[in-house]
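Since the structure comes first, as structure tokens, the remarks are kept for the end.
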Amino acid sequence: MKIKVFVTLKPGVLDPQGRAIHHALGSLGFDGVQDVRQGKLIELDVADSTDDAAIDAMCRKLLANTVIENYRVEKASPGKVGTGFPSGDAPNQESAA
Amino acid sequence: MKTAVIVFPGSNCDRDLAVALEAVTGTRPAMIWHADTTLPDGLGMIAVPGGFSYGDYLRSGAIAARSPIMRAVVEAAGKGMRVLGVCNGFQVLTEAGLLPGALMRNAGLNFVCRDVALTVENAQSAFTSGYDAGETVSFPVAHHDGNYVADDDTLDRVEGEGRVAFRYAEPVNGSARAIAGLLNNRGNVLGMMPHPERRIEAAHGGDDGRRLFEGLLELVGA
């Protein structure tokens, strides 16, 4: 089962790289760009038996840092097209200490 | 005092930390490889070094924070072990959940490599007892991802609890509240972007960093 995980910065978190891209687009003459945010796309190929909870755990434990990032999951296999998960917003992990 | 330095693939300040620790404690630290699962007995402190662990893949410190030895470090920290994370080590400690917040790309996008002035905010902690509160010291920084980010509630809480150990006294990387070094809620874990281990003798251009290790040693009394 092919899965795409989109990791994006939470709204309000300053994105210096997005800002630099925005600036470069302006330098190329693209004037109508309101804002740019840079994120990551992570593609996974997992066993078909992998359940949503396991995929969600992968996102929370490693793929996204929920202090600063949201994530969204898309499943690509026919017949298994899901709507994805809501954005992650886990509480601060400090209590793990 | 027996100490340990954790070594990840891509660490590059591990030997600098080892030299600093040996110079102050008189005992050569144990160098612990990331794939190990246990720490030596009788440690007084664990240091997590700077560098580019796992090539900064995914996020700075993200993979290192999930390496086998970090489970042992987190467990030891939970029991009160002193843990110092410098630069990439600070990033690893936030990714491991030992410190709140995260370290993002510098606001100016540049890799910043120079000496910076820091204000000692908390001189009561195990790591900062060798300094005076409000004192200005100079440490080198060398990082791309040192821009400390946390939500306002977290920032207010760590400020209220006196957990900001060092603050930048000049613009460096866009860090929230100019935080350069942060303690955990029990005060036994310190993460900082500047490098005290690179400032321990006159040949380094000063020894402001040495007092961090000396203060620790004096407190432990071993």
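Count begins at 1; order follows the chain as displayed.
Even glycines carry a Cβ here, placed using N, Cα and C.
Taken verbatim from TrEMBL:
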ACT_SITE  B:CYS87  active site, nucleophile
ACT_SITE  B:HIS195  active site
ACT_SITE  B:GLU197  active site
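According to DSSP, B:GLU197 (active site) sits within a helical segment.
In the three-state DSSP assignment, the secondary structure recorded for the residue listed as 'active site, nucleophile' is coil. When the alpha carbons of B:HIS195 (active site) and B:CYS87 (active site, nucleophile) are compared, the span between them is 7 angstrom. For B:GLU197 (active site), the same-chain residues 6+ apart in sequence whose C-beta sits under 8 angstroms from its C-beta are B:CYS13, B:ASP16, B:LEU17, B:VAL19, B:ALA20, B:LEU21, B:VAL86, B:GLY209, B:PHE213. Sequence-distant contacts of B:CYS87 (active site, nucleophile), defined as residues of its own chain at least six apart whose C-beta falls under 8 angstroms from its C-beta, comprise B:CYS13, B:PRO49, B:GLY50, B:GLY51, B:VAL141, B:ALA142, B:HIS143, B:GLY146, B:MET192, B:MET193, B:PRO194, B:HIS195. Cβ neighbours within 10 Å of B:HIS195 (active site), excluding its own Cβ and spanning all shown chains: 23.
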